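These features come from Swiss-Prot:
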type	residues	note
ACT_SITE	Thr2	active site
BINDING	Ala156, Cys159, Thr162	Na(+) binding site
Amino acid sequence: MTTIITVRKGGKVVMAGDGQVSLGQTVMKGNARKVRRIGKGDVIAGFAGATADAFTLLERLEKKLEQYPGQLMRAAVELAKDWRTDKYLRNLEAMMLVADKSITLAITGNGDVLEPEHGTTAIGSGGNFAFAAARALMDTDKPAEEIARRALDIAADICVYTNHNIVVELLDVES
């Protein structure tokens with residue numbers, strides 16, 4: 001698995017993820033890029049779960065964003081509907097976080113499209129550790145990127161499926 005986190009604070013939205021790819025109990029790769037910009041570069045997405053499944057879902061989300069430009073919520077809901085009802089997609093094992101300047105969403109294979117509270121959310125094997133760490137840091141004066149990095153570091157210290165090779169994408173919300 002992996003850990004992906006988003007933090008929305010101080011006019012920034014940050015998504016960060018670690019780089020570990022595991023096959024069973026073996027680390028196969030330590031520098032995978034599981035957080036990236038999609039669409040026209042105005043949406044950031046991160047995934048946890050089976051890599052091939054996640055790429056399939058990212059491609060589908062990009063197509064939905066082409067259908068519904070500038071409407072991340074609508075694109076995410078349409079993807080979740082397809083994911084839940086399509087026989088092939090229903091078997092995909094992945095979760096996604098997506099964010100643009102106005103909204104952050106968690107998308108699951110159960111058809112859930114969730115907008116987090118408190119300015120942060122996390123998914124993956126170390127998601128609960130990262131989420132708790134970020135929540136604890138949200139009331140400090142630390143900027144969004146520092147909170148995301150620190151939360152992932154804490155998750156990587158605890159979760160064997162998360163490493164310290166962190167990739168960060170950032171959007172300016174106020175521009």
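Just so you know, glycine gets a Cβ as well, placed from its N, Cα and C.
On the structure: features taken from Swiss-Prot.
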residue : record             : DSSP (3 states)
Thr2    : active site        : coil
Ala156  : Na(+) binding site : helix
Thr162  : Na(+) binding site : coil
Would you list, in sequence order, the residues of this chain other than Ala156, Cys159, Thr162 that have their CB within 8 A of the centroid of the site's CB atoms, where the site is the one recorded for Na(+)? Thr3, Asp18, Gln20, Ser125, Gly126, Phe129, Ala130, Leu152, Ala155, Asp157, Ile158, Val160, Tyr161, Asn163, His164
Spatial neighbour of Thr2 (active site) that is closest, considering only the binding-site residues Ala156, Cys159, Thr162 and their CA atoms: Thr162
Starting from the Cβ of Cys159 (Na(+) binding site), draw a 10 Å sphere and report how many other Cβ atoms land inside it. 22
What residues, ordered by sequence, lie under 8 A Cβ-to-Cβ from Thr162 (Na(+) binding site) and sit at least six positions away in the same chain? Met1, Thr2, Thr3, Asp18, Gln20, Gly124, Ser125, Gly126, Leu152, Ala155, Ala156
Just name the most isolated of the recorded positions Thr2, Ala156, going by other Cβ atoms within 10 Å of its Cβ. Ala156
